[in-house]
Amino acid sequence: MADNGNVPMMKRSTYDEDDQTSAGKRQRKIVRVWCDGCYDLVHFGHANSLRQAKQMGDYLIVGVHSDAEIMEHKGPPVINEKERYAMVRAIKWVDEVIEGAPYVTEIETLDKYNCDFCVHGNDITLDVDGNDTYRKVKAAGRYKECQRTAGVSTTDLVGRMLLMTKTHHMIGHDVPSRSSGDNPSCSSMSSPYTGVSQFLPTTRKIIQFAGGKEPAPGDTIVYCPGAFDLFHAGHAAFLREARKMGDFLIVGLHTDKEVNRYDGGNYPIMNLHERTLSVLACRYVDEVVIGAPPEITGDLLDHFKVNVVVQGMTHIQPVADGVDPYEEPKKRGTLKLIDSKSDLSTAKIVARIIENRIRFQQRNKKKQEKELRMIQLLERRRSEDVERRKSEELQRHKTEAREQGRQDTVEEVFE
C-alpha cells in the first residue's frame, strides 16, 4: 500500500495472469477503482462505501481532500488532513491513498492514477457553487454508484457531540424529531443524507465487515480491550503496534453501559454496534468480542487462547468493584504496554467540536441547506420530465388516432 500520491504513470490497461491453457496464459484485466472524499471523522459508513467499491474491481485507490479544499467547498473539517490520511490507510479494503485529491473529480485524475471508473454513494456531494462534484466523470460514463449506509454521517456524529444526549446508545429507540432550535446540527428541514437518523445493526452487515479469518496453529494471539469510541487515527496507530506483538489480534469492545461508567457524560458517542463495525473495518484487527467483560479474566484468556494482552499509555479505570481489570494478565506475565506515539484521543476530538461549536453548527446548517436545494431541484426536474413524457405520449396517441380516423377522445387513455 503506497504512502503517498507519487505513483508511476502507466497505461490504463493493466493485466493479471488469470489462467493457463494449452494455448498459453490467458490474462485478465485488473480493474482499478477510484474513490475520493473528505473522510472527516471516518466511520463505518465510509468504510462500507469503500468495501462496496473494492468489490467492483481489483485495486482500490482513495483520494483524500486537503484541509484547504474542504474549507473552501464545505467548511472546517473536524479532523486534520494528516489524521484523515492515516485513518483511510487503516481501512482494510484500501490499497492506496492519494493525499490532497481535488474536491471536484476530474477525468484527468482518473487517467493519472490509471483508474477505470469512480465510485461514490447514492447521496449528493456539492462543490462551493452548489454543483455536483461528480458531474464530469458521470458525463464521461466513468462513474458507478454504491449504497450509502443509512443512519450514520459525519454531520450526525458532530450533532451527537453538540447535543450531549444518550439517545444514540439505544438500539431501536425512535430518534425524536427536532426543530432547528432543539438540534444544533440540523436546520428545521432535514436532509436525508446528513440528518439525524437511527442506525439499525444486522448480522449481514457484521458478516460483510468481518474477515472470517481463524488463527492458525501456533499463532501468537493478542488481546486488546477498550471502548474505541469515534474510531480515529490514534486508535489505528495503537492497533498497528498491537498487531506487531503477534499474529492474530482480537479487540474486546466494552458495552455502552460500561464505557459510560468510566467515561461519563454522553459517552460513548457511538454505540456498541457502531463501534463494532468501525473496529472490524481496521486492517490490523482479526476478530472483535462484542460486549467484552471489563475485567480480563482467566476464563476469557483461556477461551481465546490469548498469549499477549496489550495496554496503552492512558490511565485505566478499575472495574465497578475496584478490581484492576488487568490483574490476571499481570499475574500470568502476558501484559505488554504499547506507546502508539499518537496523542489523539476521543476526548480531544469532542473538545475540538465544543470549542468550535458555532463554526460547526454553521457548517452543518450550510451543508444541509445546499443538499435540500439540490434535492428540490432534482424533484422539480423529475416532475417536469414526467409531464413532458405524458405530453409526448398524449401527442403520439392523437397522431395515431388521426391517422386511423378514430373520433374518440384520446385523453381517455390517461384517465
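Glycine residues also receive a Cβ, built from the backbone N, Cα and C atoms like all the rest.
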Next item on the list: Could you tell me which of the ranges 1-23, 162-184, 323-345, 346-368 is annotated in TrEMBL as region 'Disordered'?
Entry: 1-23
Note to self: I'd like to know the mean pLDDT over the domain 'Cytidyltransferase-like' (34-158).
What the structure shows: 93
Item checked: Residues in the compositional bias 'Basic and acidic residues' (382-409) grouped by DSSP into helix, strand and remaining coil -> 23 helix, 0 strand, 5 coil
